[in-house]
Each structure stands twice: as C-alpha cells, then as structure tokens.
Amino acid sequence: MNDFLFLLGGGALAGLVSGLLGIGGAVILIPYVLYVVPSFLSRTFTPFEATQISMFQVFFASVAGYVTHRPQLLLPVKTLLVWGGAALLGSAIGGTLSGHLPGTEILVLYLAEILLALFLLHRKPRPAEQTLDRLAWRRTFGAPVLMGGIGLVSGLLGIGGGFLYYPVMTGLLGYNARVAVGSSLGIMIPMAFSGMIAKTLSSGSFPDGTFPVAIGALAGSIVGARLHRGLTPAKIRWGQTLLLVATFARILASLL
C-alpha cells in the first residue's frame, strides 16, 4: 500500500505540473522514480522502466489536461492533429537516428534544447514580428515545421522536449498563454501514445508502478488545469523557467 500511495503521489505531482504549465511532466516524474522512490521504498526502477512509466504519465496527463483546458482553446482540433502528426513524424525520424549518437552528445543536445526554451520564454518579440500577415504565415506554414523539429529532437533524446511547445507557441507563433498551455498538451498526445505503445511492445510488460502513476497523473492534471485559470502569463513563464533551470543544473552536474 505504501508503494502504491507513493507512486500515486508522484504521478499526481507530475500531472499537476503538466496541467498547470502545459508540459508533459516527465521532467518531474523520471527523477522522482529514479532517485526519490528508492530513497523511501525498497523498490527500484531501471532508466528504461522510468521512461516507460513516464510515457503513460505524459499520455494520461496530456489527455486529461487537454480536455479540461479545451473550453478555453481557440485552435481547431484539425490544426492540433496536423501539428501533432508533424511532431510524431519528427519523433520517428529522431528515434531512428538516436542509435548513432553517444549518450554524452544526447545530454548536450538536451541542454541546448533547454537553453533554447529559456530564450524563447523570455524573448520579447519586435512589433514587426507580430503583424497579422507574418503570424498567419508562421502559423500556416512555419508551425508544422517547428513542431516536427521539436519531435525530431524528442526522438533523438528518447524522451523530453514537450517543454518547447509552449515557448514556441507564445514566442514565435504569437498565441496567448492560455491557448498555448492547452494546445501544448494536445500536441503531446499522439507522441506520448506512440511512445507508450513502442516501449510496452519492446519490454513485453508493464512496470509495477505504471497503474498508480497513470491514475495520479490523470487526477493531478485535471486539478492543475483548473488551478491554471488563476495564473498570469508571467507566473506560467517563471514556473517553467524554474523547472528548466533545475533540470539544466541536474544534467550539467551529471556531465561534470
């Protein structure tokens, strides 16, 4: 029972952050499963098991968060399907290429991705970039390429990258914070689903902690999405910044 509740809590925490800030939540769950769980329980997980569990967490958190945010969205489902499909295609290509990259280079690429996200979060677009014509062109032709690029990097890394959707949508595509958070979760759904299926087929089973984490993520994301309505864009931006800086520091420390 202690194991179940502890993993349920981890899934709920990751789901809460997912619904609140529009990220997948793996950045919270993977360190929790790999480092926090063994410190308090007798159960340990391998990195593969941790990423497999996180795929279930991201999928259930993204679905719950997207459905809860949906009344606030201004984007048609068709657009999100195109963007999600582009990200899924990029992820498949990245996954194919990932076997040719050493582990150190993958981590360096992850650090570069975090720096790009931080830059986009705090970059102030020039007025000339925000004209209706430019935004319309970016959203129609540039957005699928951008989403495919994020998917490519996510495939190379094996997981991660969901934190780039929000800064790209707000910093480059000109969407407001509330639309960007819910849409980011919607774009992640096909990628998380395919990753969940692929890892399960590869392993042939579910890790022990999958069920409580998935249930926790589902509930946590709904709560996070409801709490999100009280956040200002600045709070969302700085919430993501704190998570990204902490992740950057942890990965950098592992390389030194």
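Cβ coordinates come from backbone N, Cα and C, glycine included.
Keep in mind it's a predicted model, so treat the numbers as computed, not measured.
Features of the protein shown, as given by TrEMBL:
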type	residues	note
TRANSMEM	12-38	transmembrane segment
TRANSMEM	50-68	transmembrane segment
TRANSMEM	80-97	transmembrane segment
TRANSMEM	103-121	transmembrane segment
TRANSMEM	141-165	transmembrane segment
TRANSMEM	177-198	transmembrane segment
TRANSMEM	210-228	transmembrane segment
Dominant neighbour of the transmembrane segment (50-68) in 80-97, 103-121, 177-198, 210-228, by Cβ pairs under 8 Å: 210-228
Cβ contacts under 8 Å made by the transmembrane segment (177-198) with residues that lie 6+ beyond its boundaries: 18-19, 21-24, 52, 55-56, 58-59, 61-63, 65-66, 69-70, 72-75, 77, 80-81, 83-85, 87-88, 91-92, 147, 151, 154, 159, 162, 165-166, 169-170, 221, 225, 228, 231-233, 236-237
Residues of the parent chain within Cβ reach of the transmembrane segment (80-97), under 8 Å, 6 or more residues beyond its termini: 143-145, 147-158, 183, 186-191, 194-195
Within-chain partners of the transmembrane segment (141-165) [C-beta distance under 8 Å, separation at least 6 from its ends]: 22-24, 26-27, 30, 51, 54-55, 58, 82-84, 86-98, 101, 106, 109-110, 113-114, 116-117, 120, 172-173, 180, 183-184, 187-188, 191, 195, 240, 243-244
Tertiary contacts of the transmembrane segment (210-228), as residues 6+ beyond its ends and Cβ separation under 8 Å: 4-5, 7-21, 25, 29, 33, 52-53, 56-65, 68-69, 178, 181-182, 185, 236
